[in-house]
Amino acid sequence: MAAPGSGAPCAELCRQLLLTLVVFSFACEACKKEIFNIPSKLEADKMIGRVNLKECLGSVDRIQSSDPDFRVLEDGSVYTAHAVVLSDEKRSFTIWLSDTEKRTQKEILVLLEYQKKVLKKRHTKETVLRRSKRRWAPIPCSMQENSLGPFPLFLQQVQSDAAQNYTIFYSISGRGVDKEPLNLFFIERDTGNLYCTQPVDREEYDVFDLIAYASTADGYSADFPLPLPIRVEDENDNHPIFTEAVYNFEVPESSRVGTTVGVVCATDRDEPDTMHTRLKYSILEQTPRSPGLFSVHPSTGVITTVSHYLDREVADKYSLIMKVQDMDGQFFGLMSTATCIITVKDSNDNLPTFRQNAYEASVEENTVNVEILRIPVEDKDLINTANWRANFTILKGNENGHFKITTDKATNEGVLSVVKPLDYEESHQVVLEIGVANEAPFTRDVALRMTTMNRAVVTVHVKDQDEGPECSPEVQYIRIKENSAVGSKISGYKAYDPETKSSSGLRYKILHDPKEWITVNEGSGSLETYKTLDREVITPKNDLYNITVLAIDQDGRSCTGTLAVSIEDVNDNPPEILQDYLVICKGNMDYVDISAIDHDSSINGAPFYFSLANTSPEINRLWTITRVNDTAARLAYQKNAQFQEYFIPVAVKDRAGLSATKTLRVNLCDCTNPVQCRAARRSADVILGKWAILAILLGIALLFSILLTLVCGIVSARNKKAFPDDLAQQNLIISNTEAPGDDKVCSANGFMTQTVNNANQGFCGTMGSGVKNGGQESIEMVKGGQQTLESCRGAGHHHTLDSCRGGTIEVENSRYTYSEWQNFTQPRLGEKLHLCNQDEEHMPSQDYVLTYNYEGRGSPAGSVGCCSEKQEEDGLDFLNNLEAKFAALAKTCTKR
């Protein structure tokens, strides 16, 4: 009985101890007290200040206010829940902070004060507390943005330790005092009380860095200047604003859930990283009002799809009214709206469909490039896009390629055409299966749940037509050997009537034969060689010689076919060495390569076999030839070969045994003077082409034409009068005499002529000269010799005929005979000689020296003789009776 009695008090004690521990664990620990200066009247949702919650309790999951007139946000901002009027100068409430995980609770006492302007008098020196260790230090200070006053609003008091010993006067400077904005702050000179004169906008000025000064009455600085920062506490006075009034986005229809449509963004001018700038996005309204298709992330503003039923054919555009609100979206936060236009882009989610499942068409046989049917389709996708345009395909029935189907871009219809003639005898009708799809591929979801191509059947009826002969196959092949004898028979081209399947009654003609080697039998179509076939003359395509044949029926209808003649090669062309002239520089080159070609086919061509085709022991001793490859050989010389030009015959043989020999001109040169080697090579390589030969012939023809012209001119000149009238014919006569003549007495003997046929002898003739006023005569008697006229004086005219040297003298044939010529000239010459002698006898002697100008060299001609003795006055009587127009000239020429 004792044990239970004693155990009961022990259990009670344990329960009391546990209860005490629980109470102590939840006991509230007080944090730093907060004091706010506020006006006596406050509006609802008005911020009065901010407390530092994290400084009091690191992790807070529950915040409560003891006064229902005030609420506290997560960042410590204290707001009025509704309008508040302070009846007393002071009012307080408690903020409880709880951390349920750590079972910790703390409280913050908030003291609200309403103070009128208090002008504190400066303490007297006796009443000032003396704290010798206190220093002049900055005092933390802040003020509420857009404060309601009363103004001037007391902020704090500034005091210096020097005030214990001196009378101190206070002053401030900085932005808000003597810098813009001016006169926003002032300090009482005696007390150090700092005041603000008007509300401040934090978005314009977030802090004021003032400097406080303490000085004595005589201006002595009692302490160092004190930095005095005044921070402006933010108030939620700015609405969040979207960056754009209207957003435009696009999204493909049938998009998957979660597809990003776009991003909206808003900004808030309030203090960053506070509840005033913590924004939340939401959708207020969607138009058209269909089930919700879009959502927006509350923090990032990303708009996404929440349904895959976006269908452009139902609605191609949606309008969303977007809302953004600060204070983390709480109902008392500030908000603004914007419009978001979302356009649904078309995707290929609708298949083109045929209006009916079966179609029929008809066409006559042998008709091509005709349209036989138009097939319409329907598609709900956006018109004139790749999602709407149809792409038709013939799936079955067009194995022979008779049909083609295209799309009419304007109507989106399928156009079925015949591109290859149909044959009624082969098939009376053709059944086609037509498929249709879009140009753009189908969306994945559509492709998974339905077929991607619709089908329809088209039956084409072929109409019979009376047709002409048919050349089938179009290309027929035959073989014939090269160099076949003229008149060799060849099986010809065969056409037939498709109705009777017979070739009777058809006529054949050759439309095109490149070399006119073949003739055709018009009735049977058999061929016959007209000329010898030479495979190497032409360059056959694919080793075929094509002949175009025309087959004609009795009604004049025709068809055209090709007869491909395969000409079998015959080894009728020996190999040909390409080189003619070769230069080998001895010492630098030990050999030279030569090559050959064969115009025959490969079976009669390479490999070639080269050898020396000379029985001369010297050539065989000095030169060797070896194989390089199938078409080339190497010609080498021995070391003891001399510098000279060698003529080396080389034989080359093809694989079939046909050979040819060519003599190569090889110049073994020391190349010390390469020009000589090259010159020899150039002379050896000169080959006249057809144009050069033509130019030579034209030159020869031109030369003959010039010679013919000269001959004609000479003949015409000989037909003229041999001895013209003794007049100058109003032309100047060149005497080629510039020096004085010899003094000679002209003989009056008769004229004497002599003809000498010997080419080695000369001819001498003497001619008398008479006087004829105003004229000069010259007689040319000799062709091919040289004539010299000696001078005779006679009335200022001189006529001389000297000897003729070296040449055959010929007397021109003319219409005058010799006797006529003598009768014509002898009296006149005798008269002239007589007058010349008389003038010489009556001429006074001139024994004085005559002056002649030096002209650089002596004249090869003789003296002008009696002509130089002519008096100046002779024959000048006409100058005495000059007309008036010559008076000035006469005056100029008269000696003075």
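Keep in mind that glycine also has a Cβ here, set from the backbone N, Cα and C atoms.
Swiss-Prot has this to say about the protein:
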- 135-242: domain 'Cadherin 1' (DOMAIN)
- 243-354: domain 'Cadherin 2' (DOMAIN)
- 355-471: domain 'Cadherin 3' (DOMAIN)
- 472-579: domain 'Cadherin 4' (DOMAIN)
- 580-690: domain 'Cadherin 5' (DOMAIN)
- Asn165: N-linked glycosylation site (CARBOHYD)
- Asn391: N-linked glycosylation site (CARBOHYD)
- Asn546: N-linked glycosylation site (CARBOHYD)
- Asn629: N-linked glycosylation site (CARBOHYD)
- 1-26: signal peptide (SIGNAL)
- 135-690: topological domain 'Extracellular' (TOPO_DOM)
- 712-896: topological domain 'Cytoplasmic' (TOPO_DOM)
- 691-711: transmembrane segment (TRANSMEM)
Using Asn629 (N-linked glycosylation site) as the reference point, find which of the glycosylation sites Asn165, Asn391, Asn546 has the shortest Cα-to-Cα distance to it.
Asn546
On the three-state reduction of DSSP, what should I expect for Asn165 (N-linked glycosylation site)?
coil
Helix, strand and coil counts within the domain 'Cadherin 3' (355-471) (DSSP):
6 helix, 53 strand, 58 coil
Determine how many residues of the domain 'Cadherin 2' (243-354) DSSP places in helix, in strand and in coil.
6 helix, 50 strand, 56 coil
Average the per-residue pLDDT over the domain 'Cadherin 1' (135-242) and send me the rounded value.
88
On a simple 10 Å Cβ count over all chains shown, which one of the glycosylation sites Asn165, Asn391 is most densely packed?
Asn391
What is the separation, in Å, between the Cα atoms of Asn546 (N-linked glycosylation site) and Asn391 (N-linked glycosylation site)?
41
Near Asn629 (N-linked glycosylation site), how many other Cβ atoms are within 10 Å of its Cβ?
11
Inter-residue Cα distance where the pair is Asn165 (N-linked glycosylation site) and Asn391 (N-linked glycosylation site), in Å:
104
Tell me whether Asn546 (N-linked glycosylation site) sits in a helix, a strand or coil according to DSSP.
strand
Asn546 (N-linked glycosylation site): tally of other CB atoms within 10 A of its CB:
15
Mind tallying the domain 'Cadherin 1' (135-242) by DSSP state, helix then strand then coil?
4 helix, 44 strand, 60 coil
